[in-house]
Structure formats: C-alpha cells, structure tokens
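K.L.:
Sharing a structure here in structure tokens format.
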Amino acid sequence: MTSSDSHRSAPSPEHGTASTIEILPVAGLPEFRPGDDLSAALAAAAPWLRDGDVVVVTSKVVSKCEGRLVPAPEDTRGRNELRRKLINDETIRVLARKGRTLIIENGLGLVQAAAGVDGSNVGRGELALLPVNPDASAAVLRIGLRAMLGVNVAVVITDTMGRAWRNGQTDVAIGAAGLAVLHNYSGAVDRYGNELVVTEIAVADEVAAATDLVKGKLTAMPVAVVRGLSPTDDGSTAQHLLRNGPDDLFWLGTTEALELGRQQAQLLRRSVRQFSDEPIAAELIETAVAEALTAPAPHHTRPVRFVWLQTPAVRTRLLDRMADKWRLDLASDALPADAIAQRVARGQILYDAPEVIIPFMVPDGAHAYPDAARASAEHTMFIVAVGAAVQALLVALAVRGLGSCWIGSTIFADDLVRAELELPADWEPLGAIAIGYAHEPTDLREPVRVADLLLRK
C-alpha cells in the first residue's frame with residue numbers, strides 16, 4: 001500500500017453535501033517568482049487548514065513558481081508576435097478559429113483559447129505558459145502541505161476557459177489530487193424511482209468554478225479553500241475530465257468540420273460489395289440523384305438518366321437474362337464451365353443489394369456532324385458526362401452513409417437491357433450501381449500516389 005492509498009476513502013453515494021460549504025480566501029500570499037516554494041508559502045498563509053479541505057490554486061501561481069514564464073517584448077506588436085509563436089508551439093491541433101482567436105488542443109489535452117498562453121497577472125515583460133503537468137503539481141503541493149501542516153487535503157489547480165454552447169468563461173480543473181474528480185450516478189435511483197442512467201458530475205470543475213467567486217481576477221487572491229465538502233480520494237486526476245478522440249462529439253468547430261467534410265467527401269467513396277439488410281429511405285437516394293445531376297454536361301444538356309429498379313420482379317428478370325447472355329458469351333470464348341460459373345457469380349451483388357440503379361446516356365441535345373471523327377468525339381463527350389454523374393452519385397451516396405459499387409455488366413448487354421426495360425433505342429446503359437448500407441464499417445480511401453500518373457508539360 002502506498003502513502004496515497006492510505007488516505008483514500010470509500011466512495012460516497014452522493015457528491016453533494018446537503019449542508020453548508022464554506023469558501024475561504026487565503027490572504028497574505030506573496031508575489032510569486034520562479035523557484036518559490038508554493039507549499040511553504042501556503043502553509044505559512046493558511047496554518048488553519050484542516051483534514052478534508054480542498055485547496056484550490058490558480059494555475060498562474062503554479063506556472064510562476066515552476067518557471068513557466070517567458071520573457072516578452074514590452075511593446076504591443078512584439079508581445080503579440082511572441083504570443084502567437086508560443087500559441088503555435090503549444091498547439092497539438094486547431095479545433096476552430098474565428099478571426100484571430102484560435103481554439104486549440106494543447107499537449108495536456110486541454111481544449112481552450114490560445115493554448116493557455118496568457119499575459120494577465122504577469123509583468124509587462126513576460127508571458128505565462130500553463131504548468132507542464134498540473135496533476136503532478138497538485139500532487140506535489142498536497143504532499144508538501146501534509147508534510148508541513150500534518151493535514152490531509154485535496155488540491156485542485158484551475159484555469160479559465162469558455163464552454164461550448166454558452167457565453168462567458170468559468171474556471172475549470174486542469175490539475176487535481178486527493179479527490180474524485182467525477183461522480184457517476186449511473187444506476188442510482190432518485191426519490192421518484194427513476195434510474196439515473198448517464199448522469200456524471202464533474203466535481204472538480206464545480207469546485208473550481210465555485211472558488212472563482214472568491215478568487216476573482218483582480219483581487220490578487222489566487223488561492224481559496226473549500227471546506228465542508230469531505231472529498232473522496234479515488235486516485236483520479238484532472239486528466240480523467242478530458243474527453244478526447246472518438247468520444248468527443250465536438251472534435252472540431254463548425255467551420256472546420258465543414259471544411260474537413262468537404263476534403264474527405266471524395267475519399268468516403270469506395271466500392272462496397274456486402275450490404276446489410278437495413279432499409280434505405282427513398283429520400284436519401286432521391287436527394288443523392290438530384291445532386292449527381294449537377295455534374296458537368298455538354299451544351300447545357302441533360303445526357304443522363306438514372307433508372308431505379310424498384311420492382312423486385314423487374315430486377316430479377318433483367319439480371320437473369322443478363323446472366324444467361326453472359327454464360328453464352330463466355331462459352332463462345334471456350335472457357336471451362338467452372339470458370340464461367342465463377343465469372344457469372346460476380347454479378348450476384350446486383351441480386352443482393354438493397355437497391356440498384358442503372359445509369360443511361362441519352363443523346364438529347366447532341367450535335368450532329370457529317371463526319372465520323374466529330375460524331376465519335378461528340379458521343380465520347382456525352383459518355384464522359386455520364387461518367388461524371390455516376391461518380392457524383394457515388395460520392396453523394398457515400399456522404400449520406402450509403403455504400404455503393406459500380407458494376408459494368410449492362411454495357412455488355414445494351415440491347416437486352418433496353419428491351420427488358422422498354423427503353424428507347426438510343427439510350428445506352430453504362431453499368432449498374434448497387435446501393436446499400438455497408439455490412440462492415442468502411443474507412444476513408446487513401447489518395448493514390450501521383451508519381452507518373454500526373455504528367456507535366
């Protein structure tokens with residue numbers, strides 16, 4: 001058992017006290033400088049500390065004592081330039097920006113404006129960085145107070161930051177030792193018999209915010225003590241308050257999330273060959289088709305028609321006839337029966353997919369030319385336009401969470417497809433698109449290395 005283990009207490013079923021809590025200022029503290037002994041200064045200023053008190057310290061004081069002050073020019077321009085450099089140095093990733101304001105994640109995992117780089121309550125020739133490890137700083141301060149005063153206290157180190165959804169800033173815990181930073185009510189039942197399913201209270205943040213009412217910002221009162229809370233030490237730290245990575249539903253600001261979505265839209269599309277049975281809302285496909293039809297087309301024409309095979313019997317009959325034709329074609333190539341069966345089986349995806357759409361090129365509005373060369377070029381131009389619309393449809397489906405796979409089979413049976421679907425003779429089928437929710441989650445595609453695929457002249 002470690003020394004810290006011996007001071008841990010059993011968890012309480014309730015984080016609130018239902019009784020009086022006091023918040024006491026710690027007066028008489030000096031102006032701290034690098035190398036100062038914070039524990040000794042607090043012990044001298046607050047010899048009245050008791051077991052169970054929570055000592056709440058503004059992070060700026062800790063930064064000063066730990067030498068996290070950076071010399072800065074006193075002129076506004078130079079000071080601001082250094083501040084921007086320090087913010088960049090402390091930044092792990094940018095979540096959002098508005099004007100010159102940056103909301104970032106720093107090396108501690110904290111998400112806040114300006115990475116915690118601060119020019120308040122320090123000399124004009126300095127800027128302050130956050131403590132390197134606020135949880136460790138809290139633990140050291142707790143041990144120091146125990147050694148000097150013989151008391152078992154909890155310690156919370158705070159910083160000021162804004163909140164999503166709400167105006168204004170509040171103090172939160174960025175370092176903690178000696179108290180349960182979270183209190184989970186999951187499974188508890190209120191007096192009406194309702195189970196509290198997801199309620200988890202950020203106790204350390206509540207303590208931090210409460211003491212700011214005493215500490216303030218201009219009072220030169222960087223430390224306050226909460227008395228009457230009787231905290232439970234479960235070994236947790238302020239790091240347990242951070243929600244990072246996939247658990248964070250607000251990982252980016254709105255503008256940045258939209259930008260990332262635009263950048264990733266193309267990479268979301270990949271060929272999905274196994275689908276779940278989940279039904280697809282018709283509006284999703286209709287909206288995706290509407291977007292796909294904005295693809296570029298020659299002469300302001302509409303050279304694309306999408307035929308949605310919604311009637312099961314129509315789809316099955318068409319696919320059966322295409323499979324028969326495919327077998328005959330392969331047999332005429334003298335392929336063995338097992339090879340033919342294997343090739344034909346690739347078309348099973350069009351039977352199994354929840355939805356199938358066939359894209360057609362229609363030559364409405366195509367220019368007529370007397371020579372074969374220009375007529376062929378005009379035809380190619382219309383084919384390319386359909387290809388653009390097909391790709392646009394696949395991407396539009398992907399951004400709605402729908403998987404798809406383009407299959408070229410109808411191109412090899414154009415007359416048969418037109419006859420089965422009773423379509424005009426100049427409509428050219430250009431494959432088929434299987435659509436559905438992917439059976440397994442899919443990742444973003446990796447961009448292809450350009451290398452010799454992009455030529456420069």
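Every residue, even glycine, has its Cβ placed from backbone N, Cα and C.
The following feature annotations were taken from Swiss-Prot:
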| type | residues | note |
| --- | --- | --- |
| REGION | 1-253 | region 'Coenzyme F420:L-glutamate ligase' |
| BINDING | LEU29, PRO30, GLU31, PHE32, SER59, LYS64, ASN121 | GTP binding site |
| BINDING | ASP118, ASP159 | divalent metal cation 1 binding site |
| BINDING | THR160 | divalent metal cation 2 binding site |
| REGION | 254-457 | region 'Dehydro-coenzyme F420-0 reductase' |
| BINDING | ARG269, ARG270, SER271, VAL272, ARG273, ALA297, GLY408, ARG445 | FMN binding site |
| BINDING | ASP329 | coenzyme F420-(gamma-Glu)n binding site |
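Can you walk me through where each of these features ends up in the structure?
P.N.:
A coil conformation is recorded for PRO30 (GTP binding site) in the three-state DSSP classification, outside any helix or strand.
Listed in sequence order, the residues of the same chain lying 6 or more apart from ASP118 (divalent metal cation 1 binding site) and placing their CB within less than 8 Å of its CB are LYS60, LEU127, ALA128.
The DSSP secondary structure for THR160 (divalent metal cation 2 binding site) is strand. In sequence order, GLN169, THR170, ASP171, VAL172, ASP212, LYS217 constitute the residues six or more apart from THR160 (divalent metal cation 2 binding site) in its chain with CB-CB distances below 8 Å.
Each residue in the region 'Dehydro-coenzyme F420-0 reductase' (254-457) has a pLDDT score, and their mean in this model is 96.
All protein chains considered, the CB of ARG269 (FMN binding site) has 22 other CB atoms within 10 Å. Mapped onto three states, the DSSP output places ARG269 (FMN binding site) in coil.
Reduced to three states, the DSSP call for ASP329 (coenzyme F420-(gamma-Glu)n binding site) is helix. Using a 10 Å Cβ-Cβ cutoff, ASP329 (coenzyme F420-(gamma-Glu)n binding site) registers 14 neighbours.
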K.L.:
Including all protein chains shown, what's the count of other C-beta atoms within 10 A of the C-beta of LYS64 (GTP binding site)?
P.N.:
24
K.L.:
Please classify the secondary structure at SER59 (GTP binding site) using three-state DSSP.
P.N.:
helix
K.L.:
Using all protein chains in view, find how many other C-beta atoms are within 10 Å of the C-beta of ASP159 (divalent metal cation 1 binding site).
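P.N.:
ASP159 (divalent metal cation 1 binding site): 25 neighbouring Cβ atoms within 10 Å.
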K.L.:
Please report how many Å separate the Cα atom of ASP329 (coenzyme F420-(gamma-Glu)n binding site) from that of ASN121 (GTP binding site), as a whole number.
P.N.:
83
K.L.:
With every protein chain in view, how many other Cβ atoms are within 10 Å of the Cβ of ALA297 (FMN binding site)?
P.N.:
19
K.L.:
Tell me the coarse DSSP state (helix, strand, coil) of LYS64 (GTP binding site).
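P.N.:
DSSP assigns LYS64 (GTP binding site) to helix.
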K.L.:
Have a look at the binding-site residues ASP159, SER271, ARG273, ARG445 and say which one has the shortest Cα distance to SER59 (GTP binding site).
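P.N.:
Ranked by Cα distance from SER59 (GTP binding site), first place goes to ASP159.
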K.L.:
What whole-number Å value do you get for the CA-CA distance of ARG445 (FMN binding site) and PRO30 (GTP binding site)?
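P.N.:
Approximately 58 Å lies between the Cα of ARG445 (FMN binding site) and that of PRO30 (GTP binding site).
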